[in-house]
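Novice: Taken from Swiss-Prot, the feature domain 'TM2' applies to 183-231, supported by sequence analysis. The N-linked glycosylation site annotation in Swiss-Prot covers 87, 99, 139, 155, 169, 179. Per Swiss-Prot, signal peptide is recorded for 1-30. Annotation source Swiss-Prot lists topological domain 'Extracellular' at 31-179, 237-247, citing a curator's inference. Annotation source Swiss-Prot lists topological domain 'Cytoplasmic' at 201-215.
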């Protein structure tokens, strides 16, 4: 028994000494633990400075390019497609020639298919507001009365057609007579006045429902009102209630 106890004590002492030796670092295992090498990650996203410096550049096309033909004759270009050295010292109504150049981006040729940068155009010496009405278009108004005394006028803005050349501003103000139609026919109104005027059909057709009701319940004013309306419509004195002209 004593021998066994002695062996246990010796084993405990050896175990204690072995543990102390290992903990002191001299008896550490010889395995080498490889440390992972940190590889620098490449940033695949551009920095904020680079992102702001990269911008999509868009080229804005001039407005006149929409009406300027490509590879056409220079003499047929619209006025907005060329720049001409005009002067106001010409004689009104006379034919005058001006030197012109095509605007940037406009390519044109002469009659021999040769590209031209400088060319001439001929036009009548007159300002744009002096052109005949067929050479410009105006903004029409439907808020005025066509049947009035004196005849009503209104102010509007007119623009010269693209192919017409003139001096001065191509957009100008103009005073026009009130002249618009709402779709009423003079022949229809006159026919209704002759045939059904006693029932006020002509007045109802023209949009004058109050007068139409008066004629309807008075049987055309016993025929007198009917005869008067036939005369007034025939001479154009009575027209549509909206103030428009007959077709």
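Glycine too: its Cβ is placed from the backbone N, Cα and C atoms.
How buried are the listed features, and what sits near them?
Specialist: Each residue of the domain 'TM2' (183-231) gets a DSSP state, and the totals for helix, strand and coil are 40 helix, 0 strand, 9 coil.
Neighbour list (residue 87 (N-linked glycosylation site), Cβ cut-off 8 Å, at least 6 residues apart, same chain): 98.
Listed in sequence order, 84, 85, 118, 119, 120 are the same-chain residues at least 6 apart in sequence whose CB falls under 8 Å from the CB of residue 99 (N-linked glycosylation site).
A 10 Å cutoff on Cβ-Cβ distances gives residue 139 (N-linked glycosylation site) a total of 12 other Cβ atoms nearby, all chains included. Residue 139 (N-linked glycosylation site) falls outside any helix or strand according to DSSP and counts as coil.
All protein chains shown were included, and the count of other CB atoms within 10 Å of the CB of residue 155 (N-linked glycosylation site) stands at 10.
For residue 169 (N-linked glycosylation site), the same-chain residues lying six or more positions away in sequence with a CB closer than 8 A to its CB are 128.
Residue 179 (N-linked glycosylation site) carries neither a helix nor a strand DSSP state and counts as coil.
Mean model confidence of the topological domain 'Extracellular' (31-179) amounts to 79 (pLDDT, 0 to 100 scale).
Beyond the ends of the topological domain 'Cytoplasmic' (201-215), by six or more residues, the same chain brings 184, 188-190, 192-193, 195, 221, 225-226, 229, 233, 238-242 to within a C-beta distance below 8 angstroms of the stretch.
Long-range contacts of the topological domain 'Extracellular' (237-247) within its own chain (CB-CB distance under 8 A, at least 6 residues past either end) are made by residues 142, 144-148, 178-186, 189, 206-208, 229.
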Novice: What number of additional C-beta atoms lies within 10 angstroms of the C-beta atom of residue 179 (N-linked glycosylation site)?
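Specialist: I get 15 for this one.
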Novice: Can you break down the topological domain 'Extracellular' (237-247) into helix, strand and coil residue counts using DSSP?
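Specialist: The breakdown for the topological domain 'Extracellular' (237-247) reads 0 helix, 1 strand, 10 coil.
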Novice: Rounded to a whole angstrom, what is the C-alpha distance between residue 139 (N-linked glycosylation site) and residue 155 (N-linked glycosylation site)?
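Specialist: The separation of the Cα atoms works out to 9 Å.
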